[in-house]
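Take a look at the structure set out below.
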């Protein structure tokens, strides 16, 4: 039996893993995705500015640092597993069941699933999925992949606009299509895109994807003007779709241990990561309380609280907080390696 099962491998879950290890607890992380990092994996090229004391850097670089830190104390990690139930058997005895049929036991549970299971909304046209492994994209993993190419972006939200801006000086051409006549609230961004020579096509949607002879790659796209019905055909090297995300969090509704909810997707918290069930703690975007700030930085604070409270739940005689890292002997050997990098 582990001391703590952490459900979710994003910023909150990874720092909870680190801090629980710092407090001497054994940890298991379970995540439905095939890699750690949570929602941040959707925006790997985005520059993150708002983590205190961390210089602006691409999201994927921050993910690497968070994963290295989260795995420092060697937690068990189970990826590609969806948690389907949490059962409190007794005080300091929980069962966490996954869709693999496995049941993992622990003395406490930390809920750190962010916004839940997030999947990009697929392009709703015939045979679109056949191109997903080639040149139909729902996530921009690397800007360099699109260098010198003719790109079509479909979507009118901030992500689509950001991708159009960021790729404008990398790609050969950018065409942005969106269903509305204008994009309210983004007037300044539209001006930027025009200055970057992005081809803006309002009231336009993708009607058909035309593949090559082997139907492995998109070669042309039929675009339809929603207002006039006019259809034009243009050649593109890649198509990027940004139509938002589907959020799933069936665990909150279906699990045996019923957590009080703020809405359908978030746990009602009390400001210190405790929930209505002793032994289950919630941190990061999944928890809501009146003082909540939805930032990566605040997820770290939540995670530290959750780990500390899990420690005292398991062992009421334990110190309420751990020693700070600068004075903690647990890092004695690791510090030598770090110091050598600066000599």
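Placement of Cβ uses the backbone N, Cα and C atoms for every residue, glycine included.
Note that the structure is a prediction, hence the values are computed from the model and not measured.
Going by Swiss-Prot, these are the annotated features:
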BINDING   31, 39, 43, 83, 118, 285, 326  FAD binding site
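Sequence-distant neighbours of residue 83 (FAD binding site) (same chain, 6+ residues apart, CB-CB distance under 8 A): 7, 30, 32, 96, 97, 98, 251.
In this structure, residue 326 (FAD binding site) is part of a helix by DSSP. Scoring each of the binding-site residues (39, 326) by how many neighbouring Cβ atoms lie within 10 Å, the top position goes to 39. In this record, FAD is bound by 31, 39, 43, 83, 118, 285, 326; the longest C-alpha to C-alpha distance in that set is 37 Å. Annotation for residue 118 (FAD binding site): spatial neighbours 39, 42, 245, 246, 247, 248, criterion Cβ-Cβ under 8 Å with sequence separation of six or more.
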